[in-house]
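What Swiss-Prot lists as DNA-binding region is 28-51. Residues annotated as [2Fe-2S] cluster binding site in Swiss-Prot, with sequence analysis given as evidence: 91, 96, 102. The domain 'HTH rrf2-type' feature in Swiss-Prot is assigned to 2-129; the stated evidence is sequence analysis.
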């Protein structure tokens, strides 16, 4: 299963925000410069993260973005569920001759459940914990 670039950038953004001191604001330009992402794309990502309650946005000259809840409460699995279309096949959308005897759908459902269960064990905080190399890469100049 491949995550969309939207989810990839959302996870990177959450990791970066979690690396900052508690309640410290950053801005979209800083995030786009760090990850080399277009501003337009990142605005959409951050808006969606805000709608979902992951990111708090502050408007105005001294505004910015920060995590809305502790990184220890944000699981990678939760973010993926919120952002990804998780249907691996389009069973039921179109007629398929083998549907009555097909076992693939159940196998794919089990694989998806195992994938998400693994990601549910991982919080944004755990990705930073004891990871000094990552913290150095994320540090502001």
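Yeah, the Cβs are placed from backbone N, Cα and C, and that goes for glycine too.
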DSSP-derived helix, strand and coil totals, residue by residue, for the DNA-binding region (28-51): 21 helix, 0 strand, 3 coil
Nonlocal residues around residue 96 ([2Fe-2S] cluster binding site), in sequence order (Cβ under 8 Å, 6 or more apart): 102
Mean of the pLDDT scores, which run from 0 to 100, over the DNA-binding region (28-51): 95
